[in-house]
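Here the structure comes first, spelled out in structure tokens, and everything after it is commentary.
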Amino acid sequence: MLMRLIPVFKGFDFFPHDLNLPFMKVKGPALVLSIIAMVVSIGLIGIKGLNYGVDFKGGSLIELKTKSGNADISALREKLNSIGVGSVQIQEFGSPDDVLVRLEEQPGGEAEQQAALKKVVDATSETYVERRVEVVGPAVSSELRMTSFIAVAAGILAIVAYVWFRFEWQFALGAVLALSHDVIVTVGIFALFQFEFDLSTVAALLTILGYSVNDTVVVSDRIRENLRKFKKMELNQLLNLSINETLSRTILTGMTALAVLISLYVFGGEVIRNFNLAMLLGVVIGTYSSIFIAAPLLGYLGVKRDWSDLAAKAVATSKTKAKA
Amino acid sequence: MLHFTRWKIIATLLTCLAGLLVALPNFFPKETVQSWPSFMPKQQLTLGLDLQGGAHLLLAMDQDEIKKDWINNLRDEARKELRDAKIGFTGIGTQGLTQLVVKLAKPEEQAAALKALNKVRQPIGNALLGAGAYDVEVSSGTEPGTIVIKESDQGLRQRVANAASASIETINRRVNNLGTSESTIVRQGADRILIQFPGLKDTTDLKKLIGETAKLTFHEVHPSMSGDEAKMTKVPTGFKIYPGDKGESSGEYLLREQPVVQGADLADAQPGFDSRNGEPVINFRFNQIGARKFANFTKDHVGRPFAIVLDDKVLSAPVIREPILGGSGQISGSFTVEGTNTLAVQLRSGSLPTKLTIVEERTVGPSLGADSISAGKLAGVVGGIAVVILTILYYGTFGIFACVGLLVHLILTVALMTMIGAVLTLPGIAGLVLGVAMAVDANVLIYERIREELRLGKMPVSAIDAGFQRAYVTILDSQLTTLACAIIMFWLGSGPIRGFAVTLTIGILTSIFASVTVVRLLISYWLRAQPKGRAIYVPV
């Protein structure tokens, strides 16, 4: 019995498959742009500094909700400035009946932090309810800063080790540069706009690492496959082909991730807004870096081309064995 | 690739079914779940403190105080050993917090003194493994006739560890007296203690309860000299100036440093009221040893004051009117009713070995937790719908299969988390939602491959087959690198990073099964359902 099989595409092909965008033509400008972005980011982090949250700076954060009606921020500010707890920062937080009060780290150690917290709670207990309290002492905040830094560095190292193990050192170097770029530029944007930088931002950075390397690995995989397939193709052309072949996947996955993150940003509540912001930035930057940094670097570094030779040799030996 | 053996189909379906069963209780309110028949699983995901509300306190012990106590004890012991061995010495001085220098009266007694002082050493740790290790080293000093007693790091570590476990025990007793359940009190790192209190709204009581060491001692008051006088002249040996409690009008007291009776000898402490003036007081009772010591002391000191000292502050210094032989008494001070309650609990639970300071506090009100959950749910639903729409729009019928795979992925993740008792936190919810977006990546990789193979002119079945086969390596590679990242997060991270890492790790593990195996099974069934002898339209 004969089956007639006809391949048919249903569903949308948003990105025509024969689209051959000349990514490699702009690799020079893109690299320059990335290097500038990294230098500017490092400069911003150095000059403007990061707006550390209580996790990293120490101090207290108190989220208050009015018992009824909207919060009167100026009255609250006046009151809290008079109770002698140093500089008090008050901001709206989500809905108009929520306020966020931040206290600087009190001189005199942990006991003073607790005393200041008590003063604030006592002064506000008539009109407000506490929703959330965070107090981080100096010892803990410096530890958190340190472990977070180590976590991000170790994350990059672990990924690089894996990529090196699975691919070649050129791929690993490309990955580490792309990842460092993602982290540095994201942190740079946080410094530029003085977004609050806390533990959840670090969690986001680590996830960006995971996401970005995911992208990089998919492209690298394709490059390796094409290296076997097109032995004679010019390297830049091959890299370009590989990026284009995986482009529709890159974009669709990026779109689903962005859809989810935007929904989390809009509906997910105030508490994880920072986390989301970092993730949103990171997904965009991470996608960019896989295409414009990790892959072109392979072109500059040169990459082992004899994959197919090895494979062919393996096939040949197995064939001779089979014959014998 | 598309062929499934019978047992593989059964195993896949059973896994999905089991996952659904385990995850099911999480989609219903607790009360409903409780009324289910007994064969149904009832375990729900544990919510983190940020979602159910509660308090998280990180306490640190004062290492310097532990060192100070230790060195003072060592000095007393050294003095005693030398006296017992009848070896004369001109002084024992402390050097910093870790070293004692003994000056002998006669240098020729060096060997005998060394032998005597060796008795203050305590073997460390396990008797079998730690043979030969001591907490202090006793050796001859550089000058003749001196002996140095030096504390080892190991010894200090052990002291701190002991203090930590004693503190945990004491806090446990105090907290149990508060009548709240489900608290976790664990040691963290060398000198920290973590207390987690789900559902606690107000931490004021809790903080008060653990904020005091509650070291209660009874001291002899110097018969003739007041604290102020001693300050002007010289403090007599064996005596020490103690500050008064805030409520006391008369400044400072001169008390004998060695207490008559210690809090450890207390058998009971209860809040009560003074029968004469109705003021809140604490009624206490000593154990046998304490009662005997107290009786002897009061017999000899009738008509003279004695001091009740709490945490090195004098609460009150009443005059002994008659010997107290029964071993019970009353502590008065400027107490409030609440104050006596807390203090009685603290006294009953024993004193903390060292003062604990709160180095980190995170409290979340239950209403905020509930708000976070509903916000997370809403975001999850909206995000999920967006992913479903995008996927189906892009891939048609195969997009629906991918969405079924996503659903299975989500259910299995929740099931696995429930099973291993992982804690769901707010960043965890974000991880869960993001995991859905990332899990779709595996299907995208496969479908893109299938499209490519079709474009190359392959027949549908072999194109689908090749799509799965060739994408598999890429999927594994990309998921494993993310896994490496998640493991690092868990290993090194804290708080929100950890909660996120747990969900991410579990999500990665389930996503390969859900988006590869389950979707493949669906597609193989779909292929089989196609009418034979007719064209197959591959709907991707």
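Glycine is treated like the rest: Cβ placed from N, Cα and C.
A TrEMBL annotation is a machine prediction, not a hand-curated record.
According to TrEMBL, the domain 'Protein translocase subunit SecDF P1' annotation covers B:166-222.
Here TrEMBL flags B:248-353 as domain 'SecDF P1 head subdomain'.
The domain 'Protein export membrane protein SecD/SecF C-terminal' annotation in TrEMBL covers B:355-526.
Using a Cβ-Cβ cut-off under 8 Å and counting only residues 6 or more beyond its ends in the same chain, the transmembrane segment (B:378-396) has close neighbours at 402-403, 406, 429, 432-433, 436-437, 440, 443, 447, 539-540. For B:378-396 (among others), the entry in TrEMBL reads transmembrane segment.
Summarising the annotation, TrEMBL assigns transmembrane segment to B:403-423 (among others). Counting only same-chain residues 6+ beyond the ends of the transmembrane segment (B:403-423), those with a CB under 8 A from a CB of the stretch are 15-16, 18-23, 25-26, 43-48, 384, 387-388, 391-392, 432, 435-436, 439-440, 443, 499, 502-503, 506-507, 509-511, 513-515, 518-519, 522.
Under the heading transmembrane segment, TrEMBL lists B:429-450 (among others).
Per TrEMBL, the feature transmembrane segment maps to B:471-493 (among others).
Feature annotation from TrEMBL assigns transmembrane segment to B:499-523 (among others). Counting residues 6+ beyond its ends, the transmembrane segment (B:499-523) has Cβ neighbours under 8 Å at 1-2, 4, 9, 12, 15-16, 48, 398, 401-402, 404-406, 408-409, 412-413, 416-417, 422-432, 434-435, 438-440, 442-443, 446, 464, 468, 472, 475-476, 479, 482-483, 486-487, 489-490, 493 in the same chain.
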Positions whose Cβ lies under 8 angstroms from the transmembrane segment (B:429-450), at least six residues beyond its ends: 51, 372-373, 376, 379-380, 383-384, 387, 391, 395, 398, 401-402, 405-406, 409-410, 413-414, 463-464, 466-468, 470-471, 474-475, 478-479, 482, 499-504, 507-508, 511-512, 514-516, 519, 538, 540
Counts by DSSP class (helix H/G/I, strand E/B, coil) across the domain 'Protein translocase subunit SecDF P1' (B:166-222): 20 helix, 18 strand, 19 coil
